[in-house]
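The structure appears below as structure tokens.
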Amino acid sequence: MRAAVRADASVQWGTGHMMRCLTLAEELRDRGSEVFFICRSCPEGLRKMAEHRSFSVHLLEDDGEFSFTKDAEQTKELLQSLPPVDWLIVDHYQLDARWEKILKPLVKRLMVIDDLADRPHLCDVLLDQNAYTNLHERYNQWVPPSAVQLLGPEYLLLRKEFLQAGQRRRSMIRHLLISFGGTDPSGQTMKAMEAVQHLTALTVTIVIGGANEKRQTIQQYASRFPHMTLHVQTSHMAQLMEKADLVIGAGGSSIWECCYMNLPVVVIQTAANQRETIDALRKKQAIRYVGKAEEVHVDRLRAAVETLVQHPDAAREMADRFSRIMEAYRPGRAADCLLNWNNSPESSGGKKG
């Protein structure tokens, strides 16, 4: 099977779209498929990561102004110059049914990865790996009745390194991990570091991406505190989470890695599209939510961390409630759906209509 992935990464949109598509691409490749990427925006470090994993990256011309029609025509021209594609996988907030209508005649099937549920899609399969209170009704008005909907954390695109890592229940909180994704445009990493600078009894690990624009400031700040260690563009995230007892992070896709690792999480909402998932997790008392990025001050964050450090049993129970959300998870379910597809969509699993 041949699959093409259309996704971008940038400071504005973050790196999550590319990272979860890389996970799906690796699952498909491990099952014998050929996968390549089509990007308009992709930081050099992330492009090299994809190429290091043996995925070719085709770059579309970027003149600084996005147009779905221009993007569609460039993608169409590229696909027509290559061998036929079985699946086109689209993970992009700026693309919708108008773009998909242009590309769909060129491929056998089209898959959309989304978590906004705010625009129509012309797809055969839709994947949203997050939890919501209205999970099974969320996309009914946005996809064709025939589309298979793969919904919820049971379809999580979890990197292989996490599957190979150990899961454990934490009796004490001694090791803190701070991670706000690849770009962190709102500067929550610095805020978290300031909040825990006085907690010298803890080992504090900070992870940032190579595209973080405040990288130098963060490096200088971390160097002032012996209990802090900084990792830039690490390839060992699962190992760092395995060692951690508590995480401070955003409500994006990486929160599900914490869930799988049975980690208690202090969450700051850094983007509007995180709100519904955060609300669902708060109702289950599965996370410690401190607020939106622009509302959270250092003192509030410090108090939340100190409370969990002083009450490790409460942190452990919170993590257990979080982990139970993923009880139905099985690795590779989304990839299996694409590979098992035939003329009857029901054979692929998931929710139809």
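Using the three backbone atoms N, Cα and C, a Cβ is placed for every residue, glycine included.
Caution: TrEMBL annotation is automatic and unverified by curators.
Keep in mind it's a predicted model, so treat the numbers as computed, not measured.
Per TrEMBL, the feature active site, proton acceptor maps to H17. Under 8 Å, Cβ to Cβ, and six or more positions away along its own chain, H17 (active site, proton acceptor) finds A7, D8, A9, D91, H92, I113.
Taken from TrEMBL, the feature substrate binding site applies to R159, E257. Classification of R159 (substrate binding site) by DSSP places it in coil, neither helical nor stranded.
According to TrEMBL, the domain 'Glycosyl transferase family 28 C-terminal' annotation covers 180-322.
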Residue with minimal Cβ packing [other Cβ atoms within 10 Å] among the binding-site residues R159, E257: R159
